[in-house]
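Quick look at what TrEMBL annotates:
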type	residues	note
COILED	125-204	coiled coil
DOMAIN	280-661	domain 'Cation/H+ exchanger transmembrane'
SIGNAL	1-25	signal peptide
TRANSMEM	317-337	transmembrane segment
TRANSMEM	357-375	transmembrane segment
TRANSMEM	454-478	transmembrane segment
TRANSMEM	499-519	transmembrane segment
TRANSMEM	555-575	transmembrane segment
TRANSMEM	582-603	transmembrane segment
TRANSMEM	642-661	transmembrane segment
């Protein structure tokens with residue numbers, strides 16, 4: 001009983017502090033301090049204090065009922081008042097309703113607190129799960145209360161604004177306005193209508209949507225806003241600077257669309273990040289060129305230095321990665337310009353069969369090692385598929401601009417075979433992303449449901465094959481009827497104005513990647529096909545477009561490779577260098593051997609020598625393993641440790657790729673071609 005009384009005391013104290021008058025607040029607070037310190041009151045006195053507090057609470061609830069009745073009478077009186085306009089009636093009634101809502105919410109808070117205390121007293125203090133559930137329920141109640149209070153605050157701001165406008169209207173009616181004042185008044189009314197038309201009410205529209213969660217976040221103002229000491233709180237909230245929101249999981253959010261779309265805004269953090277990457281990429285690229293490494297590794301080092309494992313100066317990581325994706329798009333477009341449809345027809349069988357065989361062999365070896373190491377089959381399949389992919393942008397950097405000598409009759413160009421297989425791997429990437437949800441469910445399914453999951457995977461494969469057929473049929477139509485007239489018209493309109501040509505080509509790239517995305521095929525394939533279609537217009541057209549698009553590609557590629565460096569963690573690599581080197585060498589050697597084995601079965605005898613070059617180009621792990629790994633980690637397919645291992649092995653394999661490529665070129669390519677490829 002003593003414990004119950006004490007708990008009621010601590011529950012009633014904040015409630016009485018909120019709803020009693022000022023004198024009663026002070027008296028209750030002083031008495032509570034004496035009780036808490038053990039001074040003064042005896043047991044009977046404490047009982048009497050609890051009873052008095054309950055009586056006060058009961059009296060306040062009765063008083064609340066009386067006030068509600070008076071408010072209802074006031075609302076009826078306003079509605080019957082013929083001297084008020086309809087707008088003024090609505091405003092006064094709405095004000096009374098806000099006060100009614102405040103009274104009802106205060107009463108609900110009292111009984112929610114009592115219910116929470118009752119649930120806590122009935123629980124087992126040793127049961128962590130029960131305490132966690134109680135804490136979660138209290139947190140949900142607080143979130144809902146915060147949302148209601150926020151809504152009420154917004155309504156009060158609107159009522160205040162209406163009141164000020166009504167006062168201005170009364171003043172304007174009592175005095176004559178000049179012509180300038182009348183113009184400004186008309187402009188003000190038009191601006192108010194504009195704000196009402198473009199305002200989306202996104203908060204109210206989405207708060208009741210299924211799957212939406214209320215969370216507590218911190219709003220961090222920019223340093224510029226905090227440094228302005230003479231600003232009021234309202235002026236700071238309306239400042240043009242961008243606030244940052246941080247949730248309880250330490251995720252950081254930046255404004256994407258402001259409430260007032262009439263005021264231009266800029267993400268200064270993102271601007272500073274791009275400027276910093278651009279400045280630091282120059283010395284890093286020079287350094288790699290000096291020591292004989294490709295410049296892309298300098299850009300990756302730039303990302304490492306600026307990222308979380310270095311200076312941690314990049315604030316808009318997601319935005320930088322998003323911009324870097326355009327580097328991949330334009331890189332694959334330029335690759336497609338060199339990969340003409342004629343080359344595609346020569347190697348399409350190898351390009352289609354080779355990656356499929358390699359992926360199946362990698363999965364088979366992964367399941368074997370997973371069984372020996374007691375790894376779940378779902379995890380083994382994911383890791384094997386992830387490691388089977390190779391980096392298209394990296395190999396494209398090796399091949400773009402490299403001239404090839406004349407081949408003997410029947411010989412295949414290793415660049416055509418290599419790029420064809422890489423593009424097919426990009427298609428597999430899109431397929432694997434589509435299958436991932438089913439793979440997640442299969443990990444926790446019973447044997448009876450596994451059959452259904454396999455059927456779902458087969459259906460997905462059928463959909464992807466249908467989408468690929470639709471894409472290539474569309475490409476055939478575009479090549480036959482559209483691409484020629486489109487380019488001639490574009491070239492004619494762009495005489496003396498290369499902006500039109502650049503814009504037209506970019507629009508075509510974006511159209512193709514949008515089509516492939518809508519058909520559930522990777523956007524990268526759309527960019528590649530856009531280049532291949534334009535290359536069908538001839539060598540002169542290709543050279544002209546390359547001269548315009550290449551500078552754009554180079555800048556965006558810097559951003560892309562720097563974004564890769566943001567996910568490289570040198571300290572982790574140093575701590576686990578031995579095991580990471582062993583794993584990386586094992587993956588690289590296995591991919592090289594499997595690629596050479598598959599190509600030896602698919603290539604004609606006259607072109608067998610290029611299998612070593614193609615295998616060397618495929619013997620690394622794609623940077624898209626970062627994307628797949630992050631999705632798998634969020635879905636629970638792999639653990640944090642496995643995710644870090646995949647990132648580290650991918651990074652080390654990319655670092656080893658130039659060495660292996662140069663060795664294969666030196667060994668297998670004739671001297672004239674060797675100089676061009678190196």
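Count begins at 1; order follows the chain as displayed.
Cβ coordinates are placed from backbone N, Cα and C, and glycine is handled just like the others.
With a cut-off of 8 Å on Cβ pairs spaced 6 or more residues apart, the transmembrane segment (454-478) and the transmembrane segment (499-519) reach 3 or more such pairs and are scored as touching.
If you look at the transmembrane segment (357-375) against the transmembrane segment (642-661), you find fewer than three C-beta pairs under 8 angstroms, all six or more positions apart, and that falls short of contact.
Against the transmembrane segment (499-519), stretch 317-337 has more CB pairs under 8 A than any other of 317-337, 555-575, 582-603, 642-661. Comparison of 317-337, 582-603, 642-661 by number of C-beta pairs under 8 angstroms to the transmembrane segment (555-575) places 317-337 first. If you look at the transmembrane segment (642-661), the same-chain residues 6 or more away from its ends with a CB under 8 A from one of its CBs are 293-294, 297, 300, 379, 383, 386-387, 391, 394, 398, 564, 567-569, 572-573, 576, 580-581, 583-584, 587-588, 592, 616-617, 619-623, 625-626, 629-630, 632-633.
When pLDDT is averaged over the coiled coil (125-204), the result is 69.
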